[in-house]
Amino acid sequence: MEKIIVSGGHQLNGTVRLEGAKNAVLPVLAASLIASEGESVIKEVPVLADVYTINEVLRNLNAEVEFDSTTKTVNINASQQLETEAPFEYVRKMRASVLVLGPLLARYGHAKVAMPGGCAIGSRPIDLHLKGFEAMGAEIHVGNGYVEANVNGRLQGAKIYLDMPSVGATENIMMAAALAEGKTVIENAAKEPEIVDLANYLNKMGANIVGAGTETIRIIGVEKLRGTEHMIIPDRIEAGTFMVASAITGGNVFIENAMREHLRSVISKLEEMNVDVIDENGGLRIIGPEKLKSTDIKTLPHPGFPTDMQSQMMSLMLRAEGTGVITETVFENRFMHVEEFRRMNANIKIEGRSVIIEGISELQGAEVAATDLRAAAALILAGLVSDGYTRVTELKHLDRGYVDIVDKLAALGADIKRVDENGVVVQPLYVTAAKESNEIAAD
């Protein structure tokens, strides 16, 4: 079993460059299926396990997909006849695979997609995707582990109110509506920057979408979309993670291409904790204080505080003076990392949907297991300031969302390495796969 070993006590200094946003690239790649003419060229694609997974889904649907991990570019040609069924073996690894449902339904009037593992209707808002399709005239059948959608002719524009501002539902409905007949209005839409990025991509392809980034999105359907070129926005969650890394170590780190407008809620909370966030040409500089001051955080849909930064901020609050409270309102059961923090001597307790953090915890290195993607990063961050060695396992979660995080932290001054069960330094499997695919392409 691979693990990341961190030795605490090293201040971080230097410059780090962000990757393209994972949460933006997956829907953009799925949306490429709508283009019945031309090729799409997607730039600043992060070299992540999830990107390889969605590329395999697209290839299985008969799209031509080439990923050059060196230039971080994906070329997609979906102009040929596509398959309209995505089987379980390709979708089981990633819930975002359900995003191919809207594009296939809009283009062909039929789509059948396996339900990703653990994605039960009701507990996750995929029901909002399906209600949106039904409002546009589709017939939905759920059974035997699949979602099947059919419509006679074109989808019809509709007025759709989302019971909650689900990012995935907003994206899927927006993609489907791009080819629908007439006007679609999505109310209580998600406002995340990734929604805006997807709308920009669709509009470059020939769609007519206005209002992305607000609670009301209006789409006038068109006859067809064409392939285009698009650059993915920087990853705001990776930015937030490195902000915390600098702050927790009392460091001075410049985050290249970080965008303040995508990070206002995170910056606000960091500044409340005495962290300096300085605008510089091309990014943000984060200077950690001698003493961190605790604060309270409540996760909310954008532009509120992002749930994907909750666990990282928890690690920071472990080192802050005073008592802090984090309340999670977006997802259930997102405090599984608390028990791992306790193994590191954290003074922390759960009360309902809140966590109470008593600083200053004298953190001790321990063997801990990542429970999800962001928890993996949070445990590494805590390890940066722990006494002794922290060993983080279950790295499959980390590889879904962070590119070269070990190398990037090491370049900033962290004592950190990734090793196999024999203690030999290794790279993530997706990096090995990327090198092999590029060597094959070169041949």
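Using the three backbone atoms N, Cα and C, a Cβ is placed for every residue, glycine included.
Per Swiss-Prot, the features are:
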type: ACT_SITE; residues: C119; note: active site, proton donor
type: BINDING; residues: K22, N23; note: phosphoenolpyruvate binding site
type: BINDING; residues: R95, R124, P125, I126, D127, L128, D308, V330; note: UDP-N-acetyl-alpha-D-glucosamine binding site
type: MOD_RES; residues: C119; note: 2-(S-cysteinyl)pyruvic acid O-phosphothioketal
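Recorded features from Swiss-Prot, shown on the structure.
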residue : record                                        : Cβ contacts under 8 Å, 6 or more apart
K22     : phosphoenolpyruvate binding site              : P46, L48, D50, V51, D235, I237, R400, G401
N23     : phosphoenolpyruvate binding site              : V167, E192, E194, D235, I237
L128    : UDP-N-acetyl-alpha-D-glucosamine binding site : L162, D163, M164, S166, A169
D308    : UDP-N-acetyl-alpha-D-glucosamine binding site : I237, G240, R374
V330    : UDP-N-acetyl-alpha-D-glucosamine binding site : T299, L300, P301, T307
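The Cβ of R95 (UDP-N-acetyl-alpha-D-glucosamine binding site) has 18 neighbouring Cβ atoms from other residues within 10 Å, across all protein chains displayed. Around the Cβ of I126 (UDP-N-acetyl-alpha-D-glucosamine binding site), 23 further Cβ atoms fall within 10 Å across all displayed protein chains. Following the DSSP three-state reduction, the secondary structure of R95 (UDP-N-acetyl-alpha-D-glucosamine binding site) is helix.
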